[in-house]
Amino acid sequence: MCGIVGAIAQRDVAEILLEGLRRLEYRGYDSAGLAVVDAEGHMTRLRRLGKVQMLAQAAEEHPLHGGTGIAHTRWATHGEPSEANAHPHVSEHIVVVHNGIIENHEPLREALKARGYTFVSETDTEVIAHLVNWELKQGGTLRDAILRAIPQLRGAYGTVIMDTRHPDTLLAARSGSPLVIGLGMGENFIASDQLALLPVTRRFIFLEEGDIAEITRRSVNIFDNTGAEVKRQDIESNLQYDAGDKGIYRHYMQKEIYEQPNAIKNTLTGRISHGQVDLSELGPNADDLLSKVEHIQILACGTSYNSGMVSRYWFESLAGIPCDVEIASEFRYRKSAVRRNSLMITLSQSGETADTLAGLRLSKELGYLGSLAICNVPGSSLVRESDLALMTNAGTEIGVASTKAFTTQLTVLLMLVAKLSRLKGLDASIEHDIVHGLQALPSRIEQMLSQDKRIELLAEDFSDKHHALFLGRGDQYPIALEGALKLKEISYIHAEAYAAGELKHGPLALIDADMPVIVVAPNNELLEKLKSNIEEVRARGGQLYVFSDQDAGFVSSDNMHIIEMPHVEEVIAPIFYTVPLQLLAYHVALIKGTDVDQPRNLAKSVTVE
């Protein structure tokens, strides 16, 4: 969602800030801005509605000079997208950027108005600027003012603040929204995502909940919310920003779809040894914890929730462990009963998804056996706060609609299933079949990608459609859910997914010649049941698009289009059948002319509730 970049150096920092914002564009935003202060305290602020490139053009026309600055990309929450609502916000000499939501901004706004402050935006962020300004007038340093202001704010936020009268210092505060400090030589940086700072440093300090940081060119001091100084470890990051060039591809999403064979190879690297899954990276005590697991609770949002839904079938059928999957935003707001020896698994590409993080923190109070995060970003909040963590190693994913992060999550989950089956003393053939399937998966997906042109032609049938229905059975039902999500995310076609057996319980009423029905139908034990559901659609004139392998015995007809897939091992079929649905959504979006990589109203990493 929103992105923050800050810098304090002996050189001009405007280009550092702009490059940082460019690297955060993938998170989604509607406006951008920056403010730079020189050594004499002269501040220049630029804000633009639209892309970072428009802000960069403005900076070329009006050069910004100064060694201290903060910048921001905004994803509108309070107040419409506009230049007036774009960050940074100013209250006299106080300049603020902010990620998150201040839940009590309205009473604070009224109180500040009563003190004589005038608001020029609709945002909750301007409340922070005026509140810090007010507290500073009551005496003390900027840090003192922030320490007094922070307890008055309710909600999740990450904020960076500068005082133009003291351009040698930046202050930052974290409560529920990530901030990371980048350490340089005679210069220091801060951002909401380490990707923004990779061009200038590889050394980072991740702020923890309640931290307040005071940053100068030569020092970083961190305090807790009482003002007591605390120590935070700095780490050397090996994260690679490898997505800057789309190469031969038109969009990042297309590139990331085609990267999946290699991404899955990376996920598997070092984790299969002598025909067994090797997850020794979990540490020496992991086996003891995992061997006690009698139940699994999975929390996730969006695409990650769909991967959790697939894994439920695997955990129960292959490892014999009961598994529940819940949307994180629902879990955290209801009373739940914790089963005996239940393992909490959280799934998140970014590791910063607000609701998933909140669910993890709640689980620590509820008595879960332990927690395991599956994530694509080392050092993220979810990873740091979990007992165990497994990285998907998918590489940077820029497209808002997740592709390779989803398939690599499933790959990690399936490896975990194999490990648990062994720890439970189940038949060794279970792990053997999983390992064999996973090793074959990259080449199977490469085979499937050769069908791209066929899927591109079929996508033309969707050019005038407003609705679509996806069907699947068993562990392919969550893949139907994921296919529907991809189509609605990037083509803006209303799409729903149902377990095929539910057709006659309502969705069948929607079927007519204008309703395309996409079916995921590998040749498995549920195929005959699924064929009956397909006939129900055919009998009512629905247009069918069936993804299946040749052994399934389907034949194309006027209203049934068969997209023949290579045969794959049953255990990896859910991962495999995801890819053609990604391609279908991509090509439909191209025909519709939408913004594939940054679809409207959506953000890559949802760091607010």
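Note: Cβ is positioned from N, Cα and C throughout, glycine not excepted.
Not measured: the values here are computed from a predicted model.
Residues annotated as active site, nucleophile in Swiss-Prot: Cys2. Cys2 (active site, nucleophile) falls outside any helix or strand according to DSSP and counts as coil.
Among the features that Swiss-Prot reports, active site, for Fru-6P isomerization activity is placed at Lys604.
Here Swiss-Prot flags 2-218 as domain 'Glutamine amidotransferase type-2'.
Here Swiss-Prot flags 286-426 as domain 'SIS 1'.
When pLDDT values are averaged over the domain 'SIS 2' (458-599), the model yields 92. Sequence annotations record features per position, and here Swiss-Prot assigns domain 'SIS 2' to 458-599.
Other C-beta atoms found within 10 angstroms of the C-beta of Cys2 (active site, nucleophile) number 28, with every protein chain shown included. Per DSSP, the domain 'SIS 2' (458-599) is made up of 71 helix, 31 strand, 40 coil. Counted with DSSP, the domain 'SIS 1' (286-426) comes out as 64 helix, 28 strand, 49 coil.
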